[in-house]
Amino acid sequence: MPVNILLTFIIGSALGWILIKLTRAPKHLEGLILGVCSAGNLGNLPIIIIPAICKDKGSPFGDSNVCYQYGMAYASLSMAVGAVYTWTYVYNIMRVSASVVPKDDYRTSSFRLEASGEFLEFIPEEESSEPENPPKDNMDDYTLLLSSIESEENVKLPISAKIKQQFGNLLVNSNFRAIFSPATLGAIVGFIVGVVPQIRKLMIGGDASLHVIQDSVTMVGEAAVPIITLIMGANLLKGLKGANTSIWTVIGIIVVRYIFLPILGILVIKGATQLGLVQPDPLYQFVLLLQYALPPAMAIGTIAQLFGAGEGECSVIMLWTYVLASVAVTFWTTYFMWLVA
């Protein structure tokens with residue numbers, strides 16, 4: 001499953017990059033478009049959809065109790081892995097993209113640019129009646145500086161050197177503190193509890209000594225799903241008053257998430273099943289297919305608010321993708337159940 005989720009991010013990023021080239025989106029919105037095309041809502045939506053299907057009398061997944069138990073396990077793993085990918089990959093590409101300030105912002109009296117965790121405040125200097133003619137020596141320095149910069153740009157680097165340079169820039173610019181966000185830490189703790197037998201026997205089960213911890217965490221988790229859904233609805237309301245977003249960009253994102261990604265997901269899962277890489281479990285295959293047909297992750301809106309770039313555009317995109325999700329997710333869920341049955 002972690003590999004399948006990684007494939008959804010890779011395929012979505014490739015389709016998002018094509019969409020950026022076709023729509024000629026602004027530089028400061030490229031990270032947002034890549035994020036909404038790659039990261040799906042792998043958290044609360046599968047936790048809502050899968051148990052509802054398992055409890056249905058006409059479910060193709062057999063006994064409802066067994067389906068519910070395994071379905072919740074698959075949905076929880078999907079949520080944990082998705083949170084790690086979102087707060088590492090999507091966070092960093094949106095952070096880099098947000099550092100690009102649109103040209104219109106330079107016309108304002110003052111603005112702040114957040115880059116690498118530092119705030120730089122630009123304030124225009126007071127107008128002066130004296131003519132701004134720099135000395136000749138300074139002009140010579142400027143000429144030498146510009147010529148040296150142009151000569152460096154004209155130097156053609158080999159492909160291997162460019163790859164090393166880009167990889168080095170990625171390591172330098174990456175904010176590794178985001179990897180240890182609350183969602184990521186929760187996923188790591190959950191993996192540790194589930195993998196280590198001693199800790200699992202101590203905390204999980206009716207006879208466990210620390211069973212009260214499991215009860216408390218379960219209570220908080222059950223309350224988190226409706227709360228996140230309410231927050232999601234409140235954020236979608238901002239889309240009604242959002243910024244002017246290109247209609248072709250919104251349409252392209254909808255086409256990527258609800259048409260191209262599910263179709264490519266079917267090809268990937270069916271191909272992996274034929275090669276024996278995916279077990280022939282209908283419920284497991286259904287969860288893998290569902291990961292390709294979900295609306296964008298709600299964490300993208302939080303990331304956009306953190307950087308203050310593309311917040312209005314993100315609200316508009318979220319509004320329309322979630323409005324159409326009721327139709328698209330219902331269609332693909334029905335088709336996936338028929339496909340794996």
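Every residue, even glycine, has its Cβ placed from backbone N, Cα and C.
If you check TrEMBL, you get these features:
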- 6-23: transmembrane segment (TRANSMEM)
- 32-53: transmembrane segment (TRANSMEM)
- 73-94: transmembrane segment (TRANSMEM)
- 179-199: transmembrane segment (TRANSMEM)
- 219-237: transmembrane segment (TRANSMEM)
- 249-269: transmembrane segment (TRANSMEM)
- 289-307: transmembrane segment (TRANSMEM)
- 319-340: transmembrane segment (TRANSMEM)
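Here the transmembrane segment (6-23) lies next to the transmembrane segment (249-269) in space: the count of CB pairs under 8 Å, restricted to residues six or more apart, reaches at least 3. The listed stretches are 32-53, 73-94, 249-269, 289-307; of these, 289-307 has the most Cβ pairs under 8 Å to the transmembrane segment (319-340). Listed as Cβ neighbours of the transmembrane segment (289-307) (distance under 8 Å, sequence separation of 6 or more from its ends, same chain) are residues 4-5, 8, 32, 35-37, 39-46, 49-50, 78, 82-83, 86-87, 90-91, 94-95, 98, 114, 183, 228, 231-232, 235, 253, 257-258, 261-262, 264-266, 268-269, 314-315, 317-318, 321-322, 325, 328-329, 332-333, 336, 339-340. Same-chain neighbours of the transmembrane segment (249-269): 4, 7-8, 11-12, 15-16, 19, 22-23, 25, 29, 33, 36-37, 40, 278, 285, 288-289, 291-296, 316-317, 320-321, 324-325, 328, 332, 339, counting only residues six or more beyond its ends whose CB sits under 8 Å from a CB of the stretch.
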